[in-house]
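Trainee: Structure incoming, see below.
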Amino acid sequence: MAALTDVQKINILGRESIHCGFHLVPYIVRTVLTELPASTYVLITDSNIAKFYFPAFEEEFDSTLSGLTNGSHARPRFLSHIIPPGETSKSREGKAVVEDFLLLNKCTRDTVILALGGGVVGDLVGFVAATFMRGVRFCQIPTSLLAMVDSSVGGKTAIDTPHGKNLIGAFWQPEFIFIDAALLETLPSREFSNGMAEVVKTAAIWNDSEFNSLESRSAEIFAAIQTPSTDYAGRSRKTRSLAQELLLAVIIGSISVKAHIVTIDPTEKGLRNLVNFGHSIGHAIEAILTPTILHGECVSIGMILEAELSRQMGILSQVSVGRLARCLKAYNLPVSLVDPRIADLPSAKLITVERLLDIMRVDKKNQGNDKKIVLLSRIGATYEQKASVVPDSLISKTLSESVTVIPGIPSFNPVKMTTPGSKSISNRALVLAALGTGTCRLTNLLHSDDTQVMMAALSELKGAKFEWEDGGETLVVHGGNGSLSVPPQGKELYLGNAGTAARFLTTVCTLVQKSPADDAEMTVITGNARMKQRPIGPLVTALRTNGSVIDYLESDGCLPLSIRPNGLKGGSVQLAASVSSQYVSSVLLCAPYANEPITLELIGGQVISQPYIDMTIAMMKSFGIEVSRRTEKDTGKLLDIYDIPKGSYQNPSNYSIESDASSATYPLAIAAITGTLCTIQNIGSLSLQGDAKFAREVLERMGCEVTQTATETTVQGPPIGELKAVEVIDMEVMTDAFLTATALAAVANGKTRIVGIANQRVKECNRIRAMIDELAKFGVSTNELDDGLEIMGKPVEEHKKGVSVHCYDDHRVAMAFSVLASLIPGTILEEKRCVEKTWPNWWDDLQNKIGLEVKGVELSTPSVSFSSNAVPFKSVVLIGMRGSGKTFIGDLAAAALHWKFIDADDHFETVHKIGVRQFVHENGWPAFREAETKLLQDLLNQQGHEHVISLGGGIVETPSARDLLKDWVSEGGVVVHIARNIDEVIEYLGLEGSRPAYGEPVNDVFQRRAPWFAECSSHRFINHVEAFVEGKIVIDPTDTKRGIREEVARFFNHITGVAANLAQNLKPGHNSYFLSLTYPDVLLALPRLEELSAGVDALEVRVDLLRSKEDIEPQGKHIPSEAYVADQIAALRRVTSLPLIFTVRTVSEGGAFPDHARKEVSSLLNLAISLGVEYLDVEMQLPEQTIRQLIARKGSTQIIASWHDWSGRLKWGSPEAQAMYDIAARNGDIVKMVFTASTMLDNFDCRAFALKTNNRPGAKPFIAINMGAVGQLSRILNTTFSPVSHPLQPSRAAPGQISFAQVQKALHLIGELPATKFYLFGNPISHSLSPTLHNTAFETLGLPHTYELLETAEVGEDIKNTIASPDFGGASVTIPHKMNIIPSLDQLTPAAKAMGAVNTIIPKNDSSTRLLVGDNTDWLGIRGSIAARIAVGQIHAALVIGAGGTSRAAIYALKDLGAKVIYVWNRTHDRAEELRVSNPDVNIQVINELGNWPNATVSPNVIVSTIPASETSLEDKPGYLFYPASLFSYLDGPAIVLDLAYKPVETPLLKLAKMTASNWDTAQGVEVLLQQGYAQFEQWTSRKCPQGPVSRKVWEVYYNRA
């Protein structure tokens, strides 16, 4: 059978030991047995390969060995060993397992080992062979393309360690390497691409002709492995197909190069370094991304980065870098770290410059600390015949995502240079030549992302064939004469953010004609997220009207598009051209191939960018088609109507592409701003491009000297600082250059107005807005116009230094700000790679050709216009419509913060001695707005700290006032938009008359101001009064004002940082929980929210599950509106002060929010911050920029950095899990990782991982749980924010969720929550309600504790033994022990000290010591009852009746509530006086007669009675305290009387209040008992007491007893 096999042999190290062919199994066995006689043959493979090929090898060995006679010797043995697949086998442990197998089977030194598999098997088995018995023979039988062309050739063997790949190994040459290309037929296409990376690498360093073949024949090479052979076709040469011949040629070509190099340098002393091109950086990337990203994929990225390093050093041209990138892309390989396959990985976020350099330090090529990298000089050759030493600074610059330009005078002044080829002309030339007939050689083609995208798309459409000449300097286009095909089924034309390509190709795709060979019905063109926002509607409308069938696949008016292959009809075409001239050029370029001649009429107003249309027409003429433009007969005026004949482009043999005039503006502008000289070649007065006018029409007017010939432009800048502002520049003919002009205008002297650029809002980004926002960071003021902007230039020295410029992934933004960076120190340009769209080597040319030093920068802090944290105690500014409740809310906020409140209208009247209404009447609105803005400036300057300032509703009407507010936010201040339903506002304004009338409908005013309120505010408070009155929402006895008051206090304390409303149990030694609300409308949960939330520390709002009754989209596609979400949060805020967790869970992470809607996720998360939400769940899969922006503006909001894996693939012990944790810990205040459990062991792994990470110094709170029923144990063991559900909810938020009570019971059962005992100490106590209170709470929460009575006459041994018991959990203390218990305690709280009595004992563990702490919660009971009715700071005067211990508690509570004066009455005057003296810091006045207030002062609005009700009466009789009706003389607002007596149910005092005054609320002693009991319970258990069920039970028992 071997005789029928044709093999090609390759010489290595003097032996033809590499044998290549197809279906070689019989040949391999025969060769091994014949050429390598042995006593034992051992085949080692992995379990993946074994199922495909092991049986064939086993059968062939058995049959061949059975036919052997060996004389007196025993027949050789054939053994096999199968190892687990993957890199984990390539380890010390994996090697030991193989060696043990050989020893166990008594293998000796004459054994021959065969390594059947990929690189892991080959490396491992080769190292075993090198060391077993001090070296045995072995053969390589590689099964992957990567192993065939790389690891199997050359004798390198190794294993991995935790410190890096391939660090322990040996050089051990195989006896044979058998390359059976048929084994690739079962290789997944991704693995084939993985191997092609090494093939491309080898050609790139050694053989340019081989590279040319790989570059042009990628489709054929892919097809070669996609057609499986039958009946062993290819084993002999005569049965071999052309595809097989091509595949084998590619493999042999690559192997031959490596074999030659290995022969010269077998042990890698120099030349052999060359095969490591791309590996120095690629291996570092692989160390972080393995095993998710394959070796070849990492090397592919490494090759581009190392090629860019060569380009940076001036060794390699951009042409070569571009060719290398295109070639690698053709084999579906990533070429950058922003490739979605890389960027979307959790571990990709761990790729930092510092980490890559650190990994690169451990590289076998290095010499000491010097890093050695293979540098290309051109395709097919290297700079040196070995790896070159490269300093870290250069590597860092290449790897960095951002750069900074060191200001100075260009060292190459005067500069003379050419810019890359014009993007506009390059793209037009590619379309023209592809559609044309014949061959065209294009020179000076722009090598960039845009042109790569265009070429790739034209290739997919089979519209042309491309090849390179002159080392890539010339592109040869073989035109297809308009013949185009539908791409294969499932193949979309992905255009990235290439707007020109998208517009041109839309019409090109209408030319496609359906062919019987096509397996797809439609051509689909798509792009990245930004491209999907850019408009294409007018072009699609015109083509549809002409008969083309085009469908929008997502949003109307934008990509992606589906285009039916019907051809272009032709005839009359009407096109709106006021948005983009590219629509016009698109139709013009394709028009000759329509079925009929086309008459193109441009409609819809002013045609934009006419020079680009003229450029297209001129280029069409160069390719043989002449377009005529109609004119008016009478006047000769040009009309916007074009006639295009049918025809075919005739390709000129050569076409030189003019340099890019837009790009030329940047070096010319650098000359202008630095006062130097620059000449740009290949762009002059005869240029086709409108931007060529930039020098004359912009720079010359700004004070530069300009000289322009037909083909050159020279600019001499004025001295630094002497650029002149230009009153108006109309840049309609050179719109792309406006960004450069804007950068110069920022340092010009005066105001520059740029117009004619409205279309720049729909480019790669909204460029006008981008320039405004980024210039603001430098302190430059601007005004946005309808079709442009104004820039108020300022001297260079007044610009802010150290600015980080966000470039919006827009090449023009980046390069324009690099001009400014050449003068302003410390400027950082983020997203440096966005320049690859038009000038990929801009940063290199800036240094190497212009002479300004450029350094790499790795961003460590976000670049956004928010302060990273609110500056403590800066004043809060309130804005919003008149009638929204600013004064009401502001007054409450100031009281809660203990700040001062200023109403700007009142302040205006104080300053101007005239009311607002009268001022407007006398002076008019403009004068008022000016005065109002001046007042705002003064308030911010003079009352900028610890004030709440309420502004008029129209403050946002003027740009200057808006700028003041935005500056306040950017400096760390808080501006809150008070929002209220507009219908409520209109109703209110109908009654209010203190302000002047609007003079227009209120709703119109609201619609105009709404965007400004949003623009100027950092936060939003929703004041939905209407929704919470008249019983529209059923809440417990809490009334509306109480809910608003509590929420105002919570909101403003939180957002200012005065007292952030965070969960108290998020600390070591405590367990914390949150309830995941799963209601589509949380209003449904409000009536039972207290019951639902019992025991938890926070509530999670699952925003992805919210949906109103009107929403009909299916789950996974629905996006709730921001207004609906904001209303839901506001509704919750009125009924609970629990912290909220705001979660938008995407489908891929187990939620219901669409995965693609990342912009909407970002908007909702920012909304949450503005609403003052306490916790923000941020998926780490979100874009890095989104995460940075959230971190930058979060203020007191804490970020839960979360990962969710539903696949079950991720394991807690994996490197990927650790990488995920590290990323989350870097970005979040809390880390959350949720995996899926498949076995119970996964829960123990989860717990072990959590314990390990929690023991790190400074570890952050960590949520670590598993999903699924099997994972419930992990939820029980998790200590931080365990998500829980509740039986009353409509559904659980995730599989395996259980309730809070279930978790507590489970913790008790496994010994994690021991039962403890609580007591009441006192005498008599048999009728106490405390056992009912606490035992009901324990039972409700599922806690195993008990509360008992311990009645004793004194603090004796019974009590002392009880409090010393290990199961003592705490105690209440009542009379007569409140003071006598103190000597038995270790510490007293300030409250207990102040009152000289203890009513609560709390055991606390301080390391190894147990402390007993005495507290007094009586005052909290009193405070809670009062605060439920009257806001802090609103107690004008209070009366305390009595002077005992409880009276002390009452005074302590009233002091805390801000009572201005406290009257005290007691039968014994001296006791009352003692109380006053013992509280010197409280305004206490002792009175002699109830109802008679001193000096006619205000009567009290709070009364607290601490004496027994049995001693009081409403009748004036001996022995009883008489209560006069004058006690309740306060009638001007809310008031409360509190009687601490338990009996009777209605005491005389409470009865009198009800009879006397309707504004007085009453509270019984039981309410105080409940309030202080709630406080006790929380101190003992760290859990909030479930007040609803406890209160109901206590009142039930109380009334039954009464």
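Yeah, the Cβs are placed from backbone N, Cα and C, and that goes for glycine too.
Annotations per TrEMBL:
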- K1232: active site, schiff-base intermediate with substrate (ACT_SITE)
- 46-48, 87-90, 118-120, D123, 143-144, K165, N194: NAD(+) binding site (BINDING)
- R134, D150, K156, N166, 198-201, K258, 272-276, H279, H295, K364: 7-phospho-2-dehydro-3-deoxy-D-arabino-heptonate binding site (BINDING)
- E198, H279, H295: Zn(2+) binding site (BINDING)
- G880, M881, R882, G883, S884, G885, K886, T887: ATP binding site (BINDING)
- 82-193: domain '3-dehydroquinate synthase N-terminal' (DOMAIN)
- 417-846: domain 'Enolpyruvate transferase' (DOMAIN)
- 1320-1401: domain 'Shikimate dehydrogenase substrate binding N-terminal' (DOMAIN)
- 1-392: region '3-dehydroquinate synthase' (REGION)
- 1315-1602: region 'Shikimate dehydrogenase' (REGION)
Trainee: Using the CB centroid of G880, M881, R882, G883, S884, G885, K886, T887 as the ATP site centre, which other residues of the same chain sit with their CB within 8 A?
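Mentor: My list of surrounding residues reads G953, I978, R980, V985, N1023.
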Trainee: Take the mean position of the Cβ atoms of E198, H279, H295, the recorded Zn(2+) site. Which other residues of that chain put their Cβ within 8 Å of it?
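Mentor: Near the Zn(2+) site, beyond E198, H279, H295, sit L146, D150, A197, K201, G278, G282, H283, G296, C298, V299, G302.
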Trainee: Could you list the residues of the same chain, at least six apart in sequence, whose Cβ is under 8 A from the Cβ of M881 (ATP binding site)?
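Mentor: Once residues fewer than 6 apart are set aside, M881 (ATP binding site) is near G953, R980, I982, V985, V1002, V1005, F1006, R1009.
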Trainee: Give me the non-local Cβ neighbours of K886 (ATP binding site): same chain, 6+ apart in sequence, Cβ-Cβ under 8 Å, ordered along the sequence.
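Mentor: Expected: L878, I879, G880, S950, L951, I978.
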Trainee: Looking only at Cβ atoms, how many others are within 10 Å of the one on N48 (NAD(+) binding site)?
Mentor: 16
Trainee: Where the distance is taken from Cα to Cα, which of the binding-site residues T88, G119, D123, T887 turns out closest to H295 (7-phospho-2-dehydro-3-deoxy-D-arabino-heptonate binding site)?
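Mentor: Smallest Cα separation from H295 (7-phospho-2-dehydro-3-deoxy-D-arabino-heptonate binding site) among T88, G119, D123, T887: G119.
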Trainee: Counting only other Cβ atoms and using a 10 Å cut-off, which of the binding-site residues V200, V275 scores lowest?
Mentor: V275
Trainee: For the C-alpha pair, I'd like the distance in angstrom between S144 (NAD(+) binding site) and H279 (Zn(2+) binding site), rounded off.
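Mentor: Answer for this pair: 19 Å between alpha carbons.
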Trainee: Please tell me which one of the binding-site residues listed here (T88, R134, E198) sits closest to S884 (ATP binding site), measuring Cα to Cα?
Mentor: T88
Trainee: Fewest other CB within 10 angstroms, which one of the binding-site residues D46, D123, E198?
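Mentor: Across D46, D123, E198, these binding-site residues, the one with fewest Cβ atoms within 10 Å is D46.
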Trainee: Please report how many Å separate the Cα atom of V275 (7-phospho-2-dehydro-3-deoxy-D-arabino-heptonate binding site) from that of G885 (ATP binding site), as a whole number.
Mentor: 73
Trainee: Do you know offhand how many angstrom separate D123 (NAD(+) binding site) and N166 (7-phospho-2-dehydro-3-deoxy-D-arabino-heptonate binding site) by C-alpha?
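Mentor: Given the Cα positions, D123 (NAD(+) binding site) is 9 Å from N166 (7-phospho-2-dehydro-3-deoxy-D-arabino-heptonate binding site).
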Trainee: Near N166 (7-phospho-2-dehydro-3-deoxy-D-arabino-heptonate binding site), meaning Cα within 10 Å, which of K90, G885, T887, K1232 (recorded positions)?
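Mentor: If one measures from the Cα of N166 (7-phospho-2-dehydro-3-deoxy-D-arabino-heptonate binding site), the recorded positions that come within 10 Å are K90.
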Trainee: Rank aside, I only need the closest one: which of the recorded positions R134, E198, G885, K1232 has its C-alpha nearest to that of G119 (NAD(+) binding site)?
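Mentor: The answer is E198.
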Trainee: Sort out for me which one of T88, N166, S884, T887 has the most neighbouring CB atoms within 10 A, since those are the binding-site residues we care about.
Mentor: S884
Trainee: Determine the most Cβ-crowded residue among the binding-site residues K90, R134, R272, H279, R882, using a 10 Å radius around each Cβ and all protein chains in the structure.
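Mentor: Result for the most crowded candidate: H279.
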Trainee: Rounded to a whole angstrom, what is the C-alpha distance between R134 (7-phospho-2-dehydro-3-deoxy-D-arabino-heptonate binding site) and K90 (NAD(+) binding site)?
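Mentor: About 20 Å separate the Cα atoms of these two residues.
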